[in-house]
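Engineer: Before I ask anything, here is the structure I am working with.
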Amino acid sequence: MWWFQQGLSFLPAALVVWSAASFVFSYITAIVLHHVDPLVPYISDTGTIPPERCLFGIMLNVSTFLGMATMYVRYKQVSALSTEKPKILRLNKLGLTLGWMSCFGLCIIANFQKCILYYIHVLGACLTFGVGSIYMLVQTILSYLMQPELHSKDIFWARLAVFLWSCSSILSMFVSSVVLYSGLYGQNLVQKLHWDSQERGYTPHIISTVSEWSLAFSFLSFFLTYIRDFQKISLRAVVSLQGQTLHESPGRFRAEEQALLIAGSI
């Protein structure tokens, strides 16, 4: 059995591979069509102009559903392992809420392009990366609280390292973006897709774009830490019939079922 066939480990693996492919494919398309500069453009800039915009949008929408599924499985796993620990259960519910908010932000990024609806796009980015970083913090805390009985210390330190990587990328991107869009280097830089290395503002632009790519891959790296955990879990659906046919009312079926049980017991 291959490693991705064990349990539900294919979910975080599929999330990471698919999301990375959505960034790479839209980047390659934008470069081939000369829509952006080859040297580290903003991720959002590679999904601004058709046809890469269409590819970027549909692939990130799929990533949204993969992310929601992965976070739900993680939630169910922690719940099952910590049934008698109220503090962990409360943090677990908070983590699921934050995670799904982050996924909703990713859906906004996918469908509201930067050059068309900038402020909505920024809102989506704040939900994805801002709320998403809090989700990472909650999961890191859970990993700390669950060690060493349920979690190894290595997993905790790995998640803490990725979380700090994400925070440093957010800080670097925020500072460089504030400097870039402060007005010192011109107006309407949001719409600018091509940069010359001799232009004023090129250095903070590069720092900002590198930080954005670093932030994106720090998020993907965090879900890689789920793979070993997900190898030890599986979910199954239990079918509970509420009627013997599709046109009977549930109440009638329960009454008939109860009558049969009584007759059987006699």
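Using N, Cα and C of the backbone, Cβ positions are placed for all residues, glycine too.
Sharing the features that TrEMBL gives for it:
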- 8-233: domain 'CWH43-like N-terminal' (DOMAIN)
- 12-35: transmembrane segment (TRANSMEM)
- 55-73: transmembrane segment (TRANSMEM)
- 94-112: transmembrane segment (TRANSMEM)
- 118-145: transmembrane segment (TRANSMEM)
- 157-185: transmembrane segment (TRANSMEM)
- 205-227: transmembrane segment (TRANSMEM)
Engineer: Checking distant contacts: for the transmembrane segment (157-185), what same-chain residues at least six beyond its ends satisfy Cβ-Cβ under 8 A?
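Structural biologist: Residues 129-130, 133, 136-137, 139-140, 143, 199-201, 204-205, 207-208, 211-212, 214-215, 218-219, 221-222, 225 contact the transmembrane segment (157-185) from elsewhere in the chain.
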Engineer: Over the span of the domain 'CWH43-like N-terminal' (8-233), how high is the average pLDDT in this prediction?
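Structural biologist: Mean pLDDT across the domain 'CWH43-like N-terminal' (8-233) comes out at 90.
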